């Protein structure tokens, strides 16, 4: 916290003999005056409560009401400015400078990401417990919206593994819930953006984020084991999933297991292909053939998911024989684009052929109640994923979290009208986007077009894609989300940071994931409050020019209610131990609250009862204002010489008495 000009001015006061007035400029621009009277004739220095008064002009209620109109006009003019318009609609900034090189870079990147997003969308819909089509429905319109509102060129909007997991835990595979969740999540994100609440992700520390991400990766991996083995298993938490897997593991299908594990091995090997380089390390020194071979290796490694889907789909089609399937397949995917319609605000009742209710009716209120805290958790996690991409490829530039909230919020609202479920920027696709040479957010146009073409022409072929292949794609991706690598440097830098990280990790595995996040954040807040409640006091034994010893205590931070009693006990302890005058140096105390003022009042009375001197040095005007409001009787000085003269004078008078 920076010091005000008045604080600096007060610190420099030397040898004050008479009345002086210092101007104080508040944060709101109001100007008051700090009146310091002459030194008391009996006790040098300035006395609190009656003689150290912070005054300011008072405005009547009518004056304040009259200012509402001008204030609204000023706000209106500040919002509807060209600068704000360009900030909130970033496409206006980069589109006029768009050129041919940008177009080529965006085309290549958009096409490459499109090859990645289709198999991922099909796989992620399985995590969300929804039919495969819903992953594709949420993968094209958001790309178009982000072109207009997105501030980062590398962010590809669409379903992600973590967003899909959170969607499943809320909706339990009911598509009406998922689509409404997409709409409400987007609405919350948009409101958070309009109210500039992007700072909320600052409350999710790095260790908590790592613990949550690692736990989510293991939960996602566990959710795919059933498809990898061709068995049936359901569960929301990590423990429930593995209990269900162990119960049904004896029904493992050999064909699915062989295909699934083979795909995992192949995907992990293909992941290494972009690292293979032919020829000299510098691109300028490579021949044309070497450049083509290196680019081919990179493209094959990057499009590995699409290649696996095509190959395994072909195998599934070849072995399919009139309903006889050696592998479990994803089944029919509706052909064509989804119908544009408002999100459903109720879940209809569904009965089977025998009249048994398989899905109960739910009103909007019932659906809203089932979402609970996830309406806050999902937007925060979506922002966390999105900002992680922005920071990873920002090259030191600042990231506008508020604008990203607006962009992903509007994208999710739009996706809900085409039956999509909540999505955000995916880090894996963002890395592909960046490595493909994307130049602007316009690359999302080509990604969205490829998804639309897939929905229009290729959905009949999706029927033959084995679920084991999609499970392998997910498992091969999420195993790298388990952030084991951060444990060692965290242990070396600050071991206590491991506590909230490990707690979040364990809680996310054992409990519903939103509770796990709250456990991690709660522990972080406890640590912060403990740190605030236990300030350090620097102790100095000093001597006045006349040889009188006194104790200088310097707290290292502001006085607020958690630390007040602790500071009082420490000061009393040192005061009783030394039995000398005590001076509290308030140089680092930039703020205080009413509870602290009450405790200081008690401290002053403690010292007064045992006839021990307690003085204050360099007390800030803002803190003086709090003490004055609580009617404290205290003595404050802004010059060490005046302070020591006061100690000598008081000691002399006490000896005379």
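Every residue, even glycine, has its Cβ placed from backbone N, Cα and C.
Marked as transmembrane segment by TrEMBL: 103-122 (among others). Within its own chain, the transmembrane segment (103-122) has Cβ neighbours under 8 Å at 132, 135-136, 138-139, 156, 158-159, 299, 302-303, 305-306, 308-309, 330, 426, 428-429, 432-433, 436-440, 442-447, 449-451, 454, 462, 465, 470, 473, 477, counting only residues six or more beyond its boundaries.
Under the heading transmembrane segment, TrEMBL lists 128-149 (among others).
Positions annotated as transmembrane segment by TrEMBL: 178-201 (among others). Sequence-distant neighbours of the transmembrane segment (178-201) (same chain, 6+ residues past either end, Cβ-Cβ under 8 Å): 128, 130, 134, 138, 167, 170-171, 343-345, 367-368, 371, 374-376, 378-380, 382-384, 387, 400-416, 419-423.
Annotation comment: TrEMBL describes 257-276 (among others) as transmembrane segment.
Taken from TrEMBL, the feature transmembrane segment applies to 297-320 (among others).
Feature annotation from TrEMBL assigns transmembrane segment to 367-384 (among others).
Annotation comment: TrEMBL describes 443-463 (among others) as transmembrane segment.
Per TrEMBL, the feature transmembrane segment maps to 469-487 (among others).
Among the features that TrEMBL reports, transmembrane segment is placed at 499-530 (among others). Same-chain neighbours of the transmembrane segment (499-530): 165-166, 169, 203-205, 207-208, 210-212, 214-216, 218-219, 236-239, 372-374, 377, 381, 490, 562, counting only residues six or more beyond its ends whose CB sits under 8 Å from a CB of the stretch.
Annotation source TrEMBL lists domain 'STAS' at 551-650.
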Two-stretch contact, the transmembrane segment (297-320) and the transmembrane segment (128-149), at least three Cβ pairs under 8 Å: no
Proximity verdict for the transmembrane segment (469-487) and the transmembrane segment (367-384), three or more C-beta pairs under 8 Å: no
Among 128-149, 257-276, 367-384, stretch most in contact with the transmembrane segment (443-463) (C-beta, under 8 angstroms): 128-149
Helix-strand-coil residue split for the domain 'STAS' (551-650), DSSP-based: 54 helix, 18 strand, 28 coil
Confidence summary for the domain 'STAS' (551-650), mean pLDDT rounded: 84
